[in-house]
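Everything on this sheet refers to the single structure shown next.
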Amino acid sequence: MIDFDGLSNAFSGQTVLCVGDLMLDEFVYGEISRISPEAPAPVIAVQRSETNVGGAGNVARNIAALGARCIFVGLAGEDDAGARLRDTLSRERLIEPLLISDPARSTTRKVRFVSEHFSTHMLRADWETLAPASGEVEQALIDAILPQLPCADIVLLSDYAKGVLTTRVIRSVIDGARRLGKRVIVDPKSADFGIYRGATLLTPNSKEFTDATGRRADDQASLAKAARDLMRIAECEALLVTQSERGMTLVPGEGEVIHVPAHTVKVRDVTGAGDTVVATLAVSLAAGADWEAALRTASAAAAVAVAKSGTAIVTLAELRRNILPPASLAAEEKIARSAGDLDQHLTAWREQGLRIGFTNGCFDILHPGHVKVLTGARAACDRLIVGLNSDASVKRLKGEGRPIQNERARAEVLAALEAVDLVAIFEEDTPLNLIGRIQPNVLVKGGDYSLEQVVGQELVTARGGEVILIDILQGFSTTSLVKRAGGA
């Protein structure tokens with residue numbers, strides 16, 4: 001069993017130096033509706049499209065999504081795709097992008113046409129320059145990488161064979177890292193593993209492993225033998241073969257072979273899942289995980305990634321929910337830690353077409369009246385967010401001596417209720433700004449308010465939402481409970 005809380009708490013203190021091939025991933029979703037009258041070719045009725053940072057850039061984004069810092073070195077052309085990638089990466093808080101410009105190179109761009117209903121890929125169009133970086137660009141890459149090695153806890157090379165990781169760049173990075181005692185993970189593309197000589201860990205997939213060995217490995221014994229032959233060539237400490245639905249197998253230089261089965265999930269899209277695996281491995285190993293813990297963490301992350309569409313990242317919260325059994329998930333999982341955390345929940349729920357409800361209050365001493373309103377609110381929606389006044393806000397509204405319980409305690413009590421899906425603490429006297437951010441489908445308050453008195457009702461109804469008043473339970477109020485307790 002992984003001590004995931006202990007491991008993940010160390011993620012934010014790690015820095016990963018990631019070097020590799022950057023690309024722009026575009027997804028065009030739609031359905032084939034007819035055959036073109038111009039030629040015997042299908043016509044795709046486009047419904048939506050999205051753009052993501054791909055290749056080694058997706059590795060960097062997955063590192064950052066786990067809370068670690070990433071120094072990313074890559075290559076981009078002086079074109080529209082390159083400009084879009086630079087802009088996107090510059091806005092990533094935990095990524096420091098060091099992108100070398102190459103005017104002679106087209107930025108790698110992949111456009112995938114995907115069935116919206118079936119999630120199957122129908123066609124892919126690529127724009128790319130496969131030639132290795134020129135000598136001048138090679139030197140610029142090396143000059144950008146070497147000064148960053150002392151800052152890194154671990155180094156990750158993400159090779160997509162698009163020109164960045166030339167033999168000279170690879171050797172400069174691995175040799176430099178070894179002189180400083182830094183571990184190096186390589187996600188290889190070349191069938192010649194000798195060019196990665198001296199790396200700590202190589203992570204080929206099944207096809208890359210077969211290409212490098214020249215033979216199939218149909219069982220664990222033959223895989224381990226072939227892996228050790230490769231390890232002698234690469235002079236690496238371990239080799240990990242990722243095998244899609246068959247899981248992943250690590251062959252260490254010393255010790256037993258470790259096999260981790262794949263999680264049983266409905267696969268939506270495998271694009272970028274390998275990026276998620278190597279990113280999670282790098283962060284986990286940097287944080288002190290042993291081989292098995294790192295593998296199990298990476299396998300859990302891959303299961304989250306393949307259940308998403310497009311080039312996906314996996315957040316620390318998503319990973320935690322997949323690793324820990326539901327019974328062990330603390331109420332804190334239902335407390336929004338930041339505006340960004342709130343937005344992630346909202347995005348996920350809206351993608352699923354869920355009806356979002358909102359109610360708010362101080363909830364200083366939870367009583368049956370509160371429970372009635374919360375239960376009624378949850379019955380009117382698919383996901384209920386409770387806005388909770390902060391300690392400072394309660395004090396301004398209720399006076400000295402309040403709140404009785406601090407905001408953290410109040411949030412944990414609310415989060416423990418089955419009716420509550422998320423608690424969001426706000427500092428203002430009213431939740432108007434929070435309602436504007438959430439844009440709920442349903443706004444709920446106790447029936448001691450009139451419709452006109454409900455804060456935010458104009459915002460909700462203007463968007464076609466609904467405002468619901470729930471009859472209060474007479475004889476219960478926090479103020480009266482406090483007075484009665486004080487006189488006892």
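Residue numbering: from 1, along the chain as shown.
Each Cβ is built from the backbone N, Cα and C atoms, and glycine gets one as well.
Marked as region 'Ribokinase' by Swiss-Prot: 1-330. Positions annotated as ATP binding site by Swiss-Prot, on the basis of sequence analysis: Asn205, Ser206, Lys207, Glu208. Annotation source Swiss-Prot lists active site at Asp275, citing sequence analysis. Taken from Swiss-Prot, the feature region 'Cytidylyltransferase' applies to 358-488.
Each residue in Pro204, Phe209, Thr210, Asp211, Val241, Thr242 lies on the same chain as Asn205, Ser206, Lys207, Glu208 and has a C-beta within 8 Å of the C-beta centroid of that ATP site, without being one of the site residues. Cα of Glu208 (ATP binding site) to Cα of the residue listed as 'active site': a span of 15 Å. Glu208 (ATP binding site) counts 21 other C-beta atoms within 10 Å of its own C-beta, drawing on all protein chains shown. In this structure the C-alpha atoms belonging to Asn205 (ATP binding site) and the residue listed as 'active site' are separated by 11 Å. Within 10 Å of the Cβ of Lys207 (ATP binding site) there are 9 other Cβ atoms, across all protein chains.
Of all the Cβ atoms in the protein chains shown, 19 others lie within 10 Å of the Cβ of Asn205 (ATP binding site). The residue listed as 'active site' and Lys207 (ATP binding site) are 16 Å apart (CA-CA, integer value). Each residue contributes its Cα atom, and for Ser206 (ATP binding site) and the residue listed as 'active site' those atoms are 15 Å apart. Least crowded of the recorded positions (Ser206, Asp275), judged by neighbouring Cβ atoms within 10 Å of its own Cβ: Ser206. Under DSSP, the residues of the region 'Cytidylyltransferase' (358-488) split into helix, strand and coil as follows: 55 helix, 26 strand, 50 coil.
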